[in-house]
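Colleague: One structure, pasted below without further comment.
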């Protein structure tokens, strides 16, 4: 049964009884759920892309072209993976901004797990950006990994170890693909921990009132 009284003062979803939460939660609390949808979409499309991708510097770009041109609905998978990656970051930055604005960093365990999630996501995105091994991919792999050389004493050794040689080459692409494949599963694990830690104490809300106010 829908109560049509004072409709203008009620959230659209609450009005339709579709969102079983208190009235003190606003739209800004929706981005965590959107991030989970992005994560599921990225994992699924990434799996189908990985089936057809070849982690070799001579074949990587051709394999991406093959996916978009020859694989049935490959262009859909590739575009969904690329576009929802951008959407992922849009949602996470809004999610973080909401947390900063409402002081949710006071819940330290949830906040620190979220920060770890952000860093892991950024690493995953970087490794994925390199995979097509086009001109910009090669440039990104060279420039970003070269930042490690700024570390005193250990920098050059770490960079050589990461590259698998003395320049960004085939071993670099192979390990970047392996890292890009495994990191989403770490993100899923961290997301589970993030959600469990959140539900241990509950979230804050715009009014700062008791979440069971209704």
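Every residue gets a Cβ built from N, Cα and C, even glycine.
This is the feature table in Swiss-Prot:
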BINDING   81, 180  heme b b562 binding site
BINDING   95, 194  heme b b566 binding site
BINDING   199  ubiquinone binding site
TRANSMEM  31-51  transmembrane segment
TRANSMEM  75-96  transmembrane segment
TRANSMEM  111-131  transmembrane segment
TRANSMEM  176-196  transmembrane segment
Colleague: Residues of the same chain, at least six outside the transmembrane segment (176-196), with any C-beta under 8 angstroms of its C-beta?
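Modeller: Residues 35-36, 39, 42-43, 46, 50, 53, 55, 110, 113-114, 116-117, 120-121, 123-124, 127-128, 130-131, 141.
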Colleague: Taking the Cβ of residue 95 (heme b b566 binding site) as the centre, count every other Cβ atom within 10 Å, in any protein chain shown.
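Modeller: So the number of other Cβ atoms within 10 Å of residue 95 (heme b b566 binding site) is 20.
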Colleague: Near residue 199 (ubiquinone binding site), how many other Cβ atoms are within 10 Å of its Cβ?
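Modeller: Counting Cβ neighbours of residue 199 (ubiquinone binding site) within 10 Å gives 10.
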Colleague: Going along the chain, which residues at least six beyond the ends of the transmembrane segment (31-51) come within the CB cut-off of under 8 Å?
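Modeller: Contacts with the transmembrane segment (31-51): 67, 74, 77-78, 80-81, 84-85, 87-88, 91-92, 94-95, 98, 181, 184, 187-188, 191.
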Colleague: Around residue 81 (heme b b562 binding site), how many other CB atoms lie within 10 A of its CB?
Modeller: 20
Colleague: Of the binding-site residues 95, 194, 199, which one sits closest to residue 81 (heme b b562 binding site) when you measure Cα to Cα?
Modeller: 95
Colleague: So, in DSSP terms, is residue 180 (heme b b562 binding site) helix, strand, or coil?
Modeller: helix
